[in-house]
Amino acid sequence: MSFDIAKYPTLALVDSTQELRLLPKESLPKLCDELRRYLLDSVSRSSGHFASGLGTVELTVALHYVYNTPFDQLIWDVGHQAYPHKILTGRRDKIGTIRQKGGLHPFPWRGESEYDVLSVGHSSTSISAGIGIAVAAEKEGKNRRTVCVIGDGAITAGMAFEAMNHAGDIRPDMLVILNDNEMSISENVGALNNHLAQLLSGKLYSSLREGGKKVFSGVPPIKELLKRTEEHIKGMVVPGTLFEELGFNYIGPVDGHDVLGLITTLKNMRDLKGPQFLHIMTKKGRGYEPAEKDPITFHAVPKFDPSSGCLPKSSGGLPSYSKIFGDWLCETAAKDNKLMAITPAMREGSGMVEFSRKFPDRYFDVAIAEQHAVTFAAGLAIGGYKPIVAIYSTFLQRAYDQVLHDVAIQKLPVLFAIDRAGIVGADGQTHQGAFDLSYLRCIPEMVIMTPSDENECRQMLYTGYHYNDGPSAVRYPRGNAVGVELTPLEKLPIGKGIVKRRGEKLAILNFGTLMPEAAKVAESLNATLVDMRFVKPLDEALILEMAASHEALVTVEENAIMGGAGSGVNEVLMAHRKPVPVLNIGLPDFFIPQGTQEEMRAELGLDAAGMEAKIKAWLA
């Protein structure tokens, strides 16, 4: 879409933060209004993360107005809320391309702009990186400032508290801003608290505070009395005791939608020494009533008509794999009260809404705490229950040691339902489920299953749930199932694949939901097609049979080739001294960028045409 200067006259004056800082303060509320409307107009036409950005418009304007970005370094946690930041930093006219192949990255990305200090996508990394950046800036000696913006969900993660604990110890000059959109602005976050915040952040208070500490530092009883008096005064009105205990100077809460008030507070805090903490209250979806009322639904949106206030409904076609999992979960829980389901803040995405309502006492959302989720599941298993950890492939990476140390070594029967395995599409490099087979396959006694369709997915979940000799995992993709008939649940024989088609010289060993594409290739090339089903343990007998009866083998998977299922097949053949040629087809050795799943599979040669071309070129 082209930028409409007449519709956004103030925003038209701002294509960089340098231009923003030339505007008079009085025009900033109007700029915020135009920025919010432009965000609505753009995202409704292109799709993308939506409600979070609406809530950070005033904060974004205030930060870039007060701080000398990009010289001063601004770090956004996760990045869902960073669309206004992109618009104000030279990417205004390209915002309609966000999350599209070749377009703007969905999150702050170092390779895209000098304003994007840290590439992000996963949560709770900002403060740790910010401390390192602040320490580097201090050693540089150019008075470069560091600011981290983190949400109320991301700050619950252990990594954020580990970082704050470290900051309290080494005391770098930095500002952490908590964007708290859990609730609307309440009465006690009004004029009085804003006035108090400006007083507490002002030079007079800070001078008195630090001066008093120096004067009385040698008199322990008076020092302690001073500390307690200060805590008592601030504790009456400031809910920041936890952050103060971690070593931060806490300011807030303040109204995150008062751009002029934010500017005053940020200017007061800009030159304070040591770690500072500013708590702002915002409303997710601010300025667009449907998003304010339902921020979860409007968190990430497809293209929609903003005048309707509704998102387009599903066509009612095939269910998603997440829905298949959710239905199986409810069905199984109704029969077994030992089932416990765990998610790290991904209830909707993992298909667990219905389960959470039907079985609230057996549903555990542990927040953004993947490490805790896995070890919590280990504890439930020790206690005699049957835990299921529903988690995205890209987020399970964050709990790898817990899978190893707390589950696998102890042979605990924890089932991992791994959603978003393989190419996920528009969220790009940070969210592709490219590595789970590689990092799980090397864990001793782990059972790993890759269904080729929704019926097999259900059977594998059932098999894993009833496997009691250690952990198991079922990995399935983002997107809809293929429409096969669902048969009664039964346990699959562990480590056994099945031949789907008999051919001649070539055998294709398929792992997972690329099966429809592999089937087209097998038909075209008159190849044998095998649904391997298990990545671990591999069906070694079937692999050796295929090697003995065919001139060449091809493995197919939507996982990194390095260390993946195909690598396992290679290892089996080498161990048995079988010199049959093998072509491994999978994800290449680079981070897969954004684009639709169809676009990326075609580009990577993982659709039927691409696979066939690769095989023919290899055989030539």
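Keep in mind that glycine also has a Cβ here, set from the backbone N, Cα and C atoms.
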Given Swiss-Prot lists His80, Gly121, His122, Ser123, Gly153, Ala154, Asn181, Tyr288 for thiamine diphosphate, the same-site residue among Glu370, Glu445, Glu454:
Glu370
Of all the binding-site residues given, namely His80, Asn181, Glu370, which is spatially nearest to Asp152 (Mg(2+) binding site) at the Cα level?
Asn181
The correct three-state DSSP answer for Gly153 (thiamine diphosphate binding site) is coil
Long-range Cβ list for Glu370 (thiamine diphosphate binding site), cut-off under 8 Å, min separation 6+ in sequence, same chain only, gives Pro344, Ile391, Phe395, Leu396, Arg398, Ala399, Gln402
Out of His80, His122, which of the binding-site residues is least crowded by other Cβ atoms within 10 Å?
His122
Using a 10 Å radius around its CB, how many other CB atoms surround Asp152 (Mg(2+) binding site)?
16
When the binding-site residues Gly153, Asn181 are compared by other Cβ atoms within 10 Å, fewest goes to Gly153
